[in-house]
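Feature annotation from TrEMBL assigns domain 'ABC transmembrane type-1' to C:223-417. Residues annotated as transmembrane segment in TrEMBL: C:36-61, C:109-129, C:136-152, C:158-176, C:183-203, C:223-246, C:258-282, C:294-314, C:355-376, C:396-416.
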Amino acid sequence: MHKGILLGAFAGMALAAGAASAGTLDDVKARGTLKCGVNAGLAGFAAPDASGRWEGFDVAYCRALAAAVLGDAEKVEFTPTTTETRFTALVSGEIDVLARNSTWTFTRDVDLKLDFIGVNYYDGQGFMVSKDLGVTSAKELDGATVCIQTGTTTELNLADFFKTNGMTYQPVPIQTEAEARQQFLGGACDAYTTDASGLAAARSGYPNPENYIILPEIISKEPLGPVVRHGDNQWADIGRWTFNALVSAEELGVTKANLDEMKGSQNPEIRRLLGVEGSLGKMFGLNDDWAYNAIKAGGNYGEIFAATIGEGTPSNLARGLNGQWTDGGLLYSPPFR
Amino acid sequence: MTMPVAVTAEPFRLSMLIYDTRYRSITIQIIALVATLTFFGWIVSNTLANLAALGKTFDFGFLQQRAGYDINQALIPYTNDSTHGRAALVGIVNTLLVAVLGCITATIIGVLVGVLRLSSNWLVARLATVYVETFRNVPVLLWILALMAVITDLFPAPAAFRGDNATAAMMANGTVAITNRGAYIPWPVFGTGWQAVAIVFLLSIASAWAFGRYAHARQVATGRTLPTFWIKLALIVLPALIVDWLVGAISFQVPELKRFNFEGGGFIDKSLIALWFALALYTGAFIAEIVRGGIQAIARGQSEAAAALGIRPGRIMSLVILPQALRVIIPPLISQFLNLTKNSSLAIVVGYADVRATLGGITMNQTGRELECMILMMGFYLLISLAISTVMNVYNASVAMKER
Amino acid sequence: MDDVAWTRTEMLGPEAPPASAVGIVGWMRANLFSTWLNVILTVAALGAIWLLASHIVPFFAHSVWNASSYSECREIVARTWGEGASGACLAVIRERWKQFFFGFYPADYYWRPTLAFILMFVALAPVLFSSLPRKMLWFSAIFPGVAYWLLWGGSIFFPIAIYLGFVAGYVAFRVAERGPSFLPPLAAAVVTIVWWLFIAGPLANLLPDIGLPAVQSKQFGGFMLSMTIGVTGIAFSLPLGVLLALGRRSDMLFVKWISVGFIEFIRGVPLITLLLVASFLLNIFMPPGTNFDIILRVIIMVTLFAAAYMAEVIRGGLAALPRGQYEGADSLGLNYWQATRLVIMPQALKISIPGIVNTFIGLFKDTTLVAIIGLLDPVGLITSIRANSAWNGIVWELYGFVGFMFFICCFGMSRYSQYLERRLRTDRH
């Protein structure tokens, strides 16, 4: 009577399973929700709050994308991923987009068959040490014990840095930010290395932040960005231009508050961006108010930054490289034309 | 005087494949065979199609590529210039290391607690029960994480050993430092002439063994016993010590506090310590139950008879009860060893570089070769468990009750 | 005899025992200080208890229930108990307990998993307590469908359509039972699968969409996720384990080899590697384009994992049956499946229940491993709560709470299985 109950489970899944073979956009529209892979817990970038609602910088991008595609910023299913599972989850179709502070590198782009659709945060790997150590430069860390997150590019950068400087170190691999805090504050490692943004965010959460310094050396370039599967250009375009829309909106002074007002703007680029003029959205299969919706979800890039990781938040990060190009930063959106 | 039974040559009919019990089982097996092969063929063809769609190939060439990452605890030489294959090997050695250490410690804990649970001392027996129930009923993953947190929080950082008002001090006459990074211990350095010491040491082990045989023969012949343990210990240790003292071959390097860490001497990473003891304490609780069950399985008459012969309680345990209980204890004990080895794959949560963390973790992550890495890793674990079950079968055959 | 005056006619009452052998003193002498070794052990045990208690008791005595962040907790502890005092910040449990139990399940529907959990005991009762009326087993049989419907929601007709597949399979089984012995299971399997693949879906779609609002399995988390994975794994692994156990005892060499190969393979590799397969490889093994969510994939691998262990438990049960039962069934003229279904399995399963409960305890504890592949079970939730800036730095309260909950569940179940074992031992004559 119980024969093949497992096959039954398979059959049940066959009913529930959707085919991911068509375009991702069609899948997302048919499903009615966007599946977004995020960090399982990184303060400021992605973490669930007490009511289970996901919040953070990467999360905000997912909501903007959902708003652009589906017209509703709440139609996102967040999938927590680890450093190990993130790319597989994307490639296997479990998620539609991965926004999990992942570094854009050659091998990931080419060999792992991913498409990075932009850089939403320019970062670099740095070191943090306790002031008591009396270290002022990363070059003085010979023989130190270093806490490092496994499964990331930081691991390889660290090995390269110590090698080129002819120094040795003892790695303490850790899995999560919370663990790093415990190890570092407990003195189990002399230095903690990760992206400089992560260091600053972590430090601001410590009981005595003034006792720790971030060393001046930035030993790598870490352009972090959202990722989609290789080979679906339409979907990659949507992801890329949704992000560009958020950046352009800041450049053009379009904010969440003045969005409707801006619809009446005389600036032709704003009019094109908000879908008042031309029909950019139609070109990749969305409604013309796609960018309007995306900006409405959480505001423009600057507003998202300020609300999640910017100065005054627990992460307390300065814009730095992530300012608009007009302010000396690296954010430079191609024109909406 | 058996007569060959003449089998009537019944003509074969197709329906006999179903209705004749002689052929029916063949029919079923062929159906099962075809179904199994079809299933595997289906999986292989799906896999090939999927890999082709992803533009991936199936090859193990990545094992020859430079790994590029560092490993905190390696028993064999390894740098970040070594290959991924080498990193996998480091992981395998580390898995075996923690498995062996864990099994030994778990056995010691288990036997001790198992015996204590049956102790006549009310308090000790209750305490042993509390230990067993607490550790058995909480997931091992939590124990590993908790032990790691205990080490990080309770032991001093190396900086605490520094300066005039140091809050921590080295133990064992200033040779051992236990910190929240791990244990720094003295390590032997082999100078010239260490071979002589080694030869003397081997010879003294041989003589201790010969003495053991002599003492046994003497006891059998005359009934008088010798303090074999102390004599053997002296035979093994003293000659080598004397030779070493004369030649001055082997010295111990003591860890010293340098700029950041203790340096010199040996270092046991805390991830190893946490994993080792968490696995040992967890598995020890199960072993304690096995030991208790084994002892209780021995009929009471055995210990009463031994007591009637005037044997002391300690000796009753070691000479009468345990040898018999072992027959009951060993098979489940070995399957606990297997469990411990498999549980050691949780090493990654404390950052211990076992095979799952190197081959199935960082290497897989850096190269994107999930299929190849998983095949290698599962193959390794299968090999270990096959080896352990072979040992178990050999043992079972050797202790099987000789029934006449 | 009666005339012998000096003979007592009754026994003298016993003397009162010496003061040192009665009461607390006597008890302590007998149980704590009987020999020097015992004295040493007692002192050592007292020392160990003191050491543990001196750390743990103040920690919980100074606990704080009302605070919105870890730093606030520490402030309160420092203010109330003095600088440097340690105190548990149980406010985090107070804030997050719903998440620990229900994960991200919509708060309005908390009654659904709760009801499913309660109904589970109703369904288990007739299995666990043989004194209850046998008719209750019918509820046990439909419980999986009810639980599925409560947890995931959706149209009520979907589980009903699936169940009708069992009915169809059973009818086919009974119809084919007069045929050769391999026919009934084959017919049942084929009819059931055909029903599920080709009839159930359209049928469920045809009928009106009456039911509960659907909940995605993404929203499962916390103990509810552990329970779902554990219970589903055990429930599905039971029939699979029965088949594997029968296969392993089969005379047919090839069937036996498949069963042995499967069981030994699964038992030879750690569960985490199987979970990694679920996470990384299962989609690659399926036809291109197939995609189902990670929790379903985990449940599949956990089911296969549990089935191998279940098979060994049931094999033990089968081996423990006296030969006479097999021979008796044969002599009644029952064929293989009839004998198995009517005579062998009911008895073998009954004596396997303690083993099955133990397998479940092991599996339930092992569900924590899903945290490693990024699911938010209780252990995974600890990570995400610790990442929250309000609770940065909190450790022991969370581990302690999760460990305590697991302890309660597992300890209760293991006590129950010990009770069963004792009862079964006296049951058999």
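Any Cβ shown, glycine's included, is placed from N, Cα and C.
Residues 98, 102, 136-137, 139-140, 143, 146-147, 150-151, 153, 212-213, 215, 224, 227, 231, 353, 416, 420 of the same chain, all 6+ positions outside the transmembrane segment (C:109-129), place their C-beta atoms under 8 angstroms from a C-beta of that stretch. Of the two recorded stretches, the transmembrane segment (C:223-246) does not lie close to the transmembrane segment (C:158-176), with fewer than three CB pairs under 8 Å once pairs fewer than 6 apart in sequence are set aside. Long-range neighbours of the transmembrane segment (C:294-314) within the same chain, counting only residues 6 or more positions beyond its ends whose Cβ lies under 8 Å from a Cβ of the stretch, are 217-218, 220, 225, 228-230, 232-234, 236-238, 240-242, 244-245, 248, 259, 262-263, 265-267, 271, 274-275, 277-279, 282-283, 348-349, 352, 355-356, 358-359, 362-363, 366-367, 370, 373, 375. Taking Cβ pairs closer than 8 Å, the transmembrane segment (C:183-203) reaches residues 157-158, 161-162, 164-166, 168-177, 337 in its own chain, all 6 or more past its ends. Non-local neighbours of the transmembrane segment (C:158-176) in the same chain are 142, 145-146, 148-149, 183-192, 195-196, 199-201, 203-204, 211; each lies 6+ residues outside the stretch with a CB under 8 Å from one of its CB atoms.
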